[in-house]
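Read through the structure below, which is laid out as structure tokens, and then see the notes.
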Amino acid sequence: MSSAEAFYASIRAEVDAIRDAGLYKRERIIATPQGATIRTADGREVINLCANNYLGLSSHPKVMEAAHAALRTHGYGMSSVRFICGTQDVHKELEARLASFLGTEDTILYGSAFDANGGLFETLLGPEDAVISDELNHASIIDGIRLSKARRYRYKHNDLDDLRAQLEQADVEGARFKLVFSDGVFSMDGTVARLDEIRKICDDHGALLGIDECHATGFMGKRGRGTHEARGVFGKIDIITGTLGKALGGASGGFTAARKEVVELLRQRSRPYLFSNTVAPAIVGGSIAVLDLLEASTELRDRLEQNTKFFRDGIVKLGYDIKPGDHPIVPIMVYDAEKAQKLADRLLELGVYVVGFFYPVVPKGQARIRVQMSAIHDESTLRPALDAFAQAGRELGLIP
Ligand SMILES: *Cc1c(COP(=O)(O)O)cnc(C)c1O
């Protein structure tokens, strides 16, 4: 066998092993725009409970019209990175608008939040510095930290005593600058970081605080500004990374919001910014329209909050275990991986699109259905969804 053939055989064996372990991810094909209901490729209309479309903006007429308008006035693509010839007036406008929305001095756009995190730590921290990271932080934060030369400390998830201990360790080991970094909201459990307490701990230790707001920007807090607003520390976070690909319209793109000098250095040195294409004009135009909507009214985040309460109450009344909280991510605990998959399959047959999560995405024995609420839902979709959960749960013996 040639070495190239051996290579392909080894790749096939690895894919087979994923399939044999029951961990193969199948992608269901959707034939419509994102919405409260969607049509799958086999022609069925189903209620959609698994998108990050928290505010229902993915197909909002005003957002789509603004994207169309930007397409007409600014073209389809810029064929350039930002510093060569990829910066338009709308890019600067969106950066200023995001900074003002998030309560920071400036913002820099990236092709994705994955890139924002990927280009953050290496640029800002050197080998004499320390980054102290929650152990359940998103993969892009973990990878971003790996790319940097900073000393790495991990604290147990949401464990502030351990955070203090790690900060003290970093001090003992002579760290110059310390950056604590956490998801604002953790996507598997919907856990909201205790940023008020974390901010205080950081201040006690002279540490900077950064958060990833991908599951928060647009709806957490009374004005939807994010976890920092929800936890009473708006304007007190050093670095905020986030995405345009979830609540803020759901297309793609990411950003880092911070003090002027931080953003300035990122523009000079951050590799995913320097060496990857500018965000498409249509997305930039759509995102500005999203901020117009969210700054004019809190109606969408208020409706999301009501829907979340309605669904959480309903599912608990049915007898399901959920992770408590008030985030629109509702983890419905099944514990057993096979049952979680069966429940998801049965729900799809009953017209509700949800996805089962199991090891290695969540710890062993913690399999679940992760439901996500959206402002586009109302009782006309949420009641039938709860009815389907009732029927499928009884059939599978998960609820009385
Ligand atoms: C979704 C997500 C990302 C990645 O966002 P993209 O813009 O799609 O790259 C990063 N961090 C967290 C916490 C996320 O949930």
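Glycine residues also receive a Cβ, built from the backbone N, Cα and C atoms like all the rest.
For reference, TrEMBL has these:
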{"type": "BINDING", "residues": "H138, R370", "note": "substrate binding site"}
{"type": "BINDING", "residues": "S187, T243, L244, G245, K246, S276, N277", "note": "pyridoxal 5'-phosphate binding site"}
{"type": "DOMAIN", "residues": "45-389", "note": "domain 'Aminotransferase class I/classII large'"}
{"type": "MOD_RES", "residues": "K246", "note": "N6-(pyridoxal phosphate)lysine"}
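Among the binding-site residues S187, L244, S276, the ones whose Cβ sits under 6 Å from an atom of ligand 1 are, in sequence order, S187. Inclusion criterion for the binding-site residues S187, T243, L244, G245, S276, N277: a C-alpha placed within 10 angstroms of the C-alpha of R370 (substrate binding site); this criterion is met by S187. The two recorded residues T243 (pyridoxal 5'-phosphate binding site) and H138 (substrate binding site) have their Cα atoms spaced 13 Å from each other.
DSSP gives S187 (pyridoxal 5'-phosphate binding site) a coil state; it is part of no helix or strand.
Fewest Cβ neighbours within 10 Å among the binding-site residues S187, T243, S276, N277: that distinction goes to N277. Between N277 (pyridoxal 5'-phosphate binding site) and H138 (substrate binding site), the C-alpha separation comes to 23 Å. Of the listed binding-site residues, namely H138, K246, R370, the sparsest Cβ surroundings within 10 Å are found at H138. Cα of K246 (pyridoxal 5'-phosphate binding site) to Cα of H138 (substrate binding site): a span of 15 Å. Over the domain 'Aminotransferase class I/classII large' (45-389) the predicted model carries a mean pLDDT of 97. By a simple count of nearby Cβ atoms, those within 10 Å, the most crowded of the binding-site residues L244, G245 is L244.
In three-state terms derived from DSSP, T243 (pyridoxal 5'-phosphate binding site) belongs to an extended strand segment.
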